[in-house]
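> Sending over a structure as structure tokens; questions will come in a sec.
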Amino acid sequence: MGDNNNSSNFIKNIIIEDLKSGEYEKVVTRFPPEPNGYLHIGHAKSIVLNFSLADEFEGKVNLRFDDTNPSKEDVEYVESIKEDVKWLGYNWDNLCFASSYFERMYEYAVFLIKKGKAYVCDLTADEIREYRGTLTKPGKESPYRNRDVEENFKLFEGMKNGEFKDGEKVLRAKIDMASPNINMRDPVLYRIAHASHHNTGDRWCIYPMYDFAHPLEDAIEGVTHSICTLEFEDHRPLYDWIIQECEIENRPKQIEFARLNMTNTVMSKRKLKQLVDENFVDGWDDPRMPTIAGLRRRGFTPESIRNFCRAIGVSKASSIVDSQMLDYFLRDDLEKEAPRTMAILNPLKVVITNYPEGKTETFKIENNPDDASAGVREVPFSREIYIEQEDFMENPPKKYYRLFPGNEVRLKSAYFIKCTEAIKDKDGNVIELRCTYDPASKGGNSPDGRKVRGTLHWINVDTAIPAEIRLYEPLILEQQEKEGEEDLFLDHVNPNSLKVVKGFVEPDMKHVKSDEKFQFFRHGYFVLDGKCSKNGELVFNRIVSLKSSFKIPENK
């Protein structure tokens, strides 16, 4: 699907009108992550939106790091975010850091002080919260609100020069403590933080608040359309106030859209961190995580994520997207690209008693039956093979076409075999089958034309390559993420989200490279886990099942 879906028209219409009216000559968008964690599928929606709009309107897009909170930020996150954006298939026009503008932001703060639009306040964080009031009760003015300009300037200089402790003073905007919008009740613009910054070191001990820094960053960079999620809608009056009162010529426009919400998925950074810290997963790139790193390790393709984000579009109305929709686009991508191979997840040994001992032959099997250009591979076959345990039943129900005593099945691209005996252990479990084969059925068809309903995949015992195979289910059982349930959400963590089995794959798979993807015949799509496959030991992650009943909603 392309980018021109109806649900994103409201943003495009705004941009079109802005260009027509001459308000802006060129479109500049930005993706502005804070480098304090890893990107997730919700960020991917914003990335695709901003880069696609810039591309459609022949504009530019900035990758900007909102690095104004040194205690939580790290170069590690900067590099991982850059890698994720590139992996998704995008190249930014300008790489920017909020910290590069600290001097200019300080100058704008001084400008507001001299205009009488900002003041230094000595109230504690708790007192500021108390003075702010509520949605139904107006706030009350700080006792420090009417300090004169000279005193405010000297105190702010002192804050900058390290004369005060963390939390001892803040710089606040002087707006309206009775405003119905709580964000306009003298918000904090600067706070003291004696913390080393990943980019500026120890040069600064005061740092701008997000609501002050963000509009300034957009204006400084010449951003025209600052696209963000709906939780910032109530912050837009403050965004516009900062631009206006700082008297900046460039006037970016903030536009809000609904954030991505998905079934069986949490995207709160706090909740994701809790999953990592409490060892529900093995890191931020765990294949069950909705992070870009996790999706990548799981085997998702950049194209499938881009197509998903385009298909869901953007709107003002919040909604829940079925997580199966993401799987739909992934499956659609892998169906075309992934080579086919056979893998046995729960091995049951089969001895073909009338097959010559010591003989090995090979069968040519297509890598993709829908794409002749994918070529063929040679697969060895001999007297002993593995099939899946679930492909045999001693006492099957009606219309069971797989293997059972006396029944004949087709081995994919090989021979017909018939079960003659089931060998059991002392507990009565079937541990081995005895079968005979029909030499005339070579290639999987019999010259006498007899029909065989069941076709089984198999692997030659002598050349089988051991593999650990990881089968994933949704990490979160709750359909919808609920705000403010930081602890309760753990009650919905799926204890069976990972199942590990020891199986076998074809001999050619020993040469597989990290992140290569395959369709395991009848099992689904799998990828080699490059992080865990070491010293010749292969680990495969199931990316997604072969089929699903999910269909794209008509309005998409």
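Backbone N, Cα and C define each Cβ position, glycine as well.
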> May I ask you to indicate which of 266-270, 316-320, 371-375, 466-470 is given in Swiss-Prot as motif ''KMSKS' region'?
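The listed stretch tagged motif ''KMSKS' region' in Swiss-Prot is 266-270.
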> In Swiss-Prot, which of 33-43, 330-340, 528-538 is tagged motif ''HIGH' region'?
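Swiss-Prot lists motif ''HIGH' region' for residues 33-43.
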> I'd like the number of other C-beta atoms within 10 A of the C-beta of TYR210 (L-glutamine binding site), please.
17
> Measure from the CA atom of ASP66 (L-glutamine binding site) to the CA atom of SER268 (ATP binding site) and give the result in Å, rounded to a whole number.
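Each residue's Cα considered, SER268 (ATP binding site) and ASP66 (L-glutamine binding site) end up 18 Å apart.
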> Nearest to ASP66 (L-glutamine binding site) by Cα, among ASN36, ILE41, HIS43, LYS45, THR229 (binding-site residues)?
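Comparing Cα positions, the candidate nearest ASP66 (L-glutamine binding site) turns out to be ASN36.
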> Rank the binding-site residues GLU34, ASP66 by how many other Cβ atoms lie within 10 Å of each Cβ and give me the one with the fewest.
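Looking at the binding-site residues GLU34, ASP66, the Cβ with the fewest others within 10 Å is that of GLU34.
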> For TYR210 (L-glutamine binding site) and ASN36 (ATP binding site), what Cα-Cα distance in Å is obtained after rounding to a whole number?
14
